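Each remark here refers to the structure printed beneath this line.
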Amino acid sequence: MIKAIFDTLCPNCGGEISAERLLKGLPCEKCLPEEVNREEVCQKLENGSFKEFCELLSELKDWEDFFKEILGTSPWSLQKSWARKVFLGRSFAMLAPTGVGKTTFGLSMASYLAKQGKKSYIILPTQLLVEQVSERIKTFGVDEDRLIVWGKLSEKKKKELKERIQKGDFDILITTSMFLYKNYEILPKDFSFIFVDDVDSFLKTAKNVDKVLYLLGFSEEDIHKAFELIRLKEKPNKSEEDWEEIKKRSEELREIAKKKKGVLAVSSATGNPRSNRIKLFRELLGFEVGKPSVLLRNIVETYEETQNLKETLLKRVKEFGKGGLVFVSSDYGREAVEEVKKFLESHGVKAVTYEEDLKLFEKGEAQVAIGISSFKNPLARGIDLPHVVRYAIFYGVPKIRVPLKVETSVSHLLWALLSLRPIILKDEKLKSEVKKVDTWIQRLRRYSFLSDDFVEERPDLKDRIENLRKEVQEFLLREDIVEKIKNSEELTLRLGEEGFELVVADVTGYLQASGRTSRMYAGGLTKGLSHVLVDDRRAFKNLEKKVRWFNQDINFKKIEEVDLKEVLREIDEDRKKVREILEGKVKAEQKEHVKPVLVVVESPNKARTIANFFGKPMGRKIGGIDVLEVMVGDLYIMITASLGHVFDLVKDKEFHGVIAKNGEYVPIYEVIEGKENIVKGLRELAQEVDTVLIGTDPDTEGEKIGWDLGALLSPYIPNVERIEFHEVTRKAIKHAVENPRDFNENLVKAQLVRRIADRWVGFEVSRIVQQAFDKHWLSGGRVQIPVLGWIIEREKLYRKKKHVVQITFKENGRWLRLGFEFQDKKEAKEFYENLKEIDVEVLEEREELKNPPPPFTTDTMLKEASDRYRISVPKLMQLAQELFEYGLITYHRTDSTRVSDVGIGVAKEWISEELGKELFYPRVWGEGGAHECIRPTKPLDVEDLRSMMLAGQLQNLTREHLLLYELIFKRFMASQMKPVKVKTKKVKVKALGREQELILTTEILEEGFNKVYPLELQPDLKGSVYVEDKKELKSVPMAYLYTQGSLVEEMKRRGIGRPSTYATIVSKLLERGYVIERHGFLIPTKLGKQVYEFLKSREKIMPFVSEEFTRKLEELMDKVEEGKEDYLQVLDELYKKVNEFEKANV
């Protein structure tokens, strides 16, 4: 157990508490002197703020007992989480699949609250449901005299009930949403719980949002203020004044939100709510209501090529059985839907179309339902029947036809250009036109969001769009472009009645339609089958490629390669489970189907990326922190961010924040200034769940942040586990969530040693430097100072000159520089003046294989990117961090060159597709272990990313992000490619009695990795070579100044600094004014030299800031991380030295 103390973190009194107590779920010793089991804490505590949490647990237990008594089963974890929210007074939307018991929960909660004399209001969409629900709730032990149901009533009864409603003479009121709309004036304003069972129906009348808010205690003025803030937030091109106004109004609304008297719980929407009024819930109640989409798929994706669509369709429908959706490609037109229906029915297959009543299909009386494979089609968009739908067959590849005429819709032209872009890029002659195409795409994308009415009302805008259409049309009909399309493997050009039309795959249509076969239910995700009847090979190839932009896990297989019998058996097994759950045959305690889990990561970017992998998340705000909620398999995930470290060593207690006693070293941590809201919000959020997964970065810093968060949350959550992932991809996250682990205490100890060493040495040295120079901002870190010394020494060498006679050869893009060095300037000048030619003797000529460089580690990436692009090392680390968080590269703080099987798969796919299978040459490079090289996570090159940005699928990437990504991508792909076979020559160069040997690479015999990562060739020199016009006499430095990149390279070579600290060291030297950067080179300042000389002259200080001390300490920290060294012994040795040094009062 690691010993540590956290200031102000006792969950009961807010005082000091040990990490040991926190991790055991206990308050501090002052609050509870004896150590008891977590379960006994509430019984033993007499007073304090933790009693509120105890009361929550007690209320939850009472509700669970009540639930079990009325229903005969225990509630599921998700229902318990909803109950916690109600008891905590938090309004929320229920994101949950079919069969999880949303209605049951609402009724049980209303019934439970009624026993306490608290009022509930249940709002339903139809009169029929009002009657069904009222009958059901009577079986929940509700006193019927305290229940008001607004159903089919006589006028007398209506009058009587309205009077009772007005007086508040009831515990539970059940009505339709229309009743609320017409009668809200008579409704009391003291409801404890309002349950909206069908939010889609509720929202048909947008004013219902206002009315339910009145019931919760808000005024008309409050709602007006909230709506004004919504309008302000949605205003385009906001000014600084607008942002100030948003801040001011948000603070005012936070106060208004405290008026809320009850809890509103609504079921999540199944359609996209159209009214902006729905956003009032976000501003006043802290939660969003949107259409949740689940992007998880459990679908076997197959295809077959066919010349006869109808016959093949009939064969497959008969083979697959009932529960099928048939999607006709939109290029066949709506009439084809009827044709297909008639054809199937003429061969004994009962079918219905999307325009007919689907009840026959749901009952199993119709074998298939037929629609169009477009995301706009109701069958592709709206059907959610997990117990019925088993498979989807695509009658032709889903396609979009783009007529090449002026009237073509803006969105279709956009698709056409996006599909054409990669083809233009591969053509050397057309490459120069990509910029123009990109500009068109950006403009078309902007216009695609505008409605026809909006455009019609603005003649200038209409003209601009018409002119753009004409430009694009002329381009698409150009002879060379038409030829390019005709020869393409992915696009089809057809000559129809109205001229040429371009045919591209409808990717969103495919994903939306096939997704109907795999739906969330209370047991997870149903298995489905999607089968494409390929009528156009090019369109299918286009579909295969584009579908990977959305989901890397989709792989089409030929139908012959699939065990169809087994797939259909698994599909039927799932449908049976769904039916049993819907019919109530499966009891909840048989299996915990959907489990709520809190996931904490470091950054909001990472939280968003992860949440978006699994669907469109719903947002909430708790205690000032943002939470995203989404379904991941059988987990209901609430994901939030800690924004990095939350705690740091205190500054003014004990020995620089550490209790040092008898060989024991106990750090004291405090909340970092500005992070108080995060601590409060995380603890409030923790009270809603039983499990938290900590997904901080996979290194020592991430492990320590995670361990701190574990200590913070443990009093409220019994299960705190660590999840580790080295790339932010759907597959990696899912694997991590399914395989949590304990915290690795060795990693935590290593970070603890690093932080304490930095604090002890840094504080002591900085104090002395600040006093000596009377500048309070100066510092002297244990890594900073030796690195400053190198820069100073390098500058001294830079000022010393040597003389070089340089000969430069340029030949067909090839370069070679030969240099003859001299210490004496006169001798150099004499050599230069007499040099007319050189003699090149070929000593050996051979063929050899040149291997590619390994993939990047942190130091090699920083060196190459910094030197190539002149981007600072801290900025590069920020760019890499963001690329990692967006899910585009693996973790960027690494010393490893190892390539995983997943990485090799990424390379294989891209190299085989783009360059040819013969160039793929897999290599693992480094040793085994958790860490991997820096590589792309998907087989997408930089132009794919640009296309995705233009299509709106990737946001927030800058030119610099793309430069770094391209470098990482090419270096990695090169590392997985064939060596290059080259011709080399070993030559001896003689000139005026001087000679030197060189190895020249003169010819590429067989292509390999050079296809992506250029290989330098030198001119083929031999015999006597005239150099009179190629020579130059120069004075050059003995050594060149460091660049940021070469400084990182030096740190790595000398064993100082680590992947997580390189950038910090460089930025500290610049921030403190010890070093400046000029033309990309690092130059020590006068202050930097003075500080270094001052420290160097103090023999008692220098050992602590020497290269040797720092390197040894880094090695010891590595050993602590590996469990080979006791961290307390390392701290003990360090303490003795620092303490001695302090006492000496240097």
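Keep in mind that glycine also has a Cβ here, set from the backbone N, Cα and C atoms.
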The residue range that Swiss-Prot labels motif 'DEAD box', out of 197-200, 373-376, 617-620, 941-944, is 197-200
Matching 1-38, 77-114, 761-798 to Swiss-Prot annotations, zinc finger lands on 1-38
Residues from the same chain, set at least six apart from the ends of the zinc finger (1-38), whose C-beta lies under 8 A from its own
44-45, 48-51, 53, 647, 650, 659, 664-671, 679, 683, 707, 710-712, 714-716, 718, 745, 748-749, 752
List, in sequence order, the same-chain residues at least six positions removed whose CB sits under 8 Å from that of Y891 (active site, O-(5'-phospho-DNA)-tyrosine intermediate)?
D697, P698, D699, H726, E727, F884, H931, E932, I934
Would you count the other CB atoms within 10 A of the CB of D697 (Mg(2+) binding site), including those on all shown protein chains?
25
Within the motif 'DEAD box' (197-200), how many residues are helix, strand or coil going by DSSP?
2 helix, 0 strand, 2 coil
By a 10 Å Cβ neighbour count, the lowest-scoring of the binding-site residues P97, G101 is G101
Cα-Cα, whole number of Å: T103 (ATP binding site) versus E602 (Mg(2+) binding site)?
36
In this structure, the one of the binding-site residues Q79, T103 whose CB has the fewest other CB atoms within 10 Å is T103
For E602 (Mg(2+) binding site), nearby residues of its own chain (Cβ under 8 Å, 6 or more apart in sequence)
A641, S642, L643, G644, T696, D697, G702, I705
For the domain 'Toprim' (596-728), the DSSP helix/strand/coil residue counts are 35 helix, 53 strand, 45 coil
